[in-house]
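What TrEMBL records for this protein:
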- 62-402: domain 'Amidohydrolase-related' (DOMAIN)
- Glu143, His211, His232: Zn(2+) binding site (BINDING)
- Ala154, Asn235, Ala236, Arg244, His273, Leu329, Ser330, Gly331: substrate binding site (BINDING)
- Asp295: active site, proton donor/acceptor (ACT_SITE)
Amino acid sequence: MPSNKSVSDAPIVQFTNCRILRDHRLQREDLWVREGKILNPEKLFFDEKGSADVQLDCKDSIIAPGFIDVQINGGFGVDFSLATDDFKSGIDLVSQKILSHGVTSFCPTLVTSPPSVYHQILPQISVRNGGAHGAGILGAHLEGPFISKEKKGAHPEHCLRTFEAGAFQDLLATYGSLDCVQIVTLAPEMRRSSEVIRELTKRGICVSLGHSVANLSQAEEAVQHGATFITHLFNAMLPQFHHRDPGIVGLLTSDKIPAGRRVFYGMISDGIHTNPAALRIAHRAHPKGLVLVTDAIAGMGLAPGRHTLGQQVVEIDGLNTYIAGTKTLSGSVATMDTCVRHFQEATGCSVETALEAASLHPAQLLGIEHKKGTLNYDSDADFLMLNDSLYVRATYIAGEEVWRQDVLGM
């Protein structure tokens, strides 16, 4: 049947011989793409009397939505918290390199820094679509400096701040601008944090709780004021889970979450930051809230040795990354596809569940699931071809191939 161009002149591509992740299960269906969007074939056949211009044999690949990384501090020698003259070329390099790991959108993350660093760096981050140049940028994730001294982790203590008389104005003065900010991580036990959470939420910015010694009622109060995320669950929280006060972790099963609201939580599933048993506990308690994050630092993709993380020097030893000279963990060097595979292995969950933890859930967290994180009709055609072991074969953004594993490795 000849293709009908009455609606659009753009070519229609039909991906065949594949299993696509749709409605939480892998389905043996073709995927149809036009003008960077997923196309409904029924409308094409019956309304437009059209057909495909190009057919691509996917060789029995899994097709899944592109991964979305909402916490990545850098990689490949680039540190997003370092104000350099060539900051933009650094962010371009990372966005290009993570395509091979299945990431099609991300939130460049800045760790606790002095105000001058935020003022220099934030104006250089802009929200942009992905493409052959690299993964799309959804906005910055600012992790700190309004966090707990006791749970600072790898964040430099001399840069930590509290909310003074100005509360939200203090935050604005520290960051300089919130124009490109998507997520702010703060400690909810801080005085006046409630009004800051309300103000950020009002502006459409996602508030995440982390690096905190908050008790459960403080965490619940923060959620009631609009917080929706937990930064790397279990890491940089109360020293242990206590049955009389489970702290922030208790949000996973709290009955005080406002109706219709879901709390999401980030997990670093690298086999280092979170014991597999802890990963399983979290997943079984609240599977629909789990968001895989890499928390990757500049050393991701580099050889072992010393690298920077904002104001600190870190040492990479295998998959372990420490503040130099200590045993304090500082971000990871795991890639997103590795985290997805480890998560599936550690929890024994389905392939669908593992893939959605890196795509659908982060999209829902950011309120962009109508265009990212699914293969629903009319959503952005950002997707991956993977083999059955969840290794990425090819990455597509807006329906265009932006990375492919060389044929020898297929």
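Each residue, glycine too, has its Cβ placed from N, Cα and C.
Cβ atoms within 8 Å of the centroid of the Cβ atoms of Glu143, His211, His232 (the Zn(2+) site) belong to the same-chain residues Gln71, Gly144, Ile147, Gly153, His155, Thr185, Ser208, Gly210, Thr231, Asn235, Ala236, Asp295, site residues excluded. Cβ contacts within 10 Å of Asn235 (substrate binding site), excluding its own Cβ and spanning all protein chains shown: 18. The Cβ neighbour count for His273 (substrate binding site), using a 10 Å radius over every protein chain in view, is 24. Model confidence over the domain 'Amidohydrolase-related' (62-402) is summarised by a mean pLDDT of 94.
Annotation: His232 are the binding-site residues among Glu143, His211, His232 whose CA atoms are within 10 angstroms of the CA of His273 (substrate binding site).
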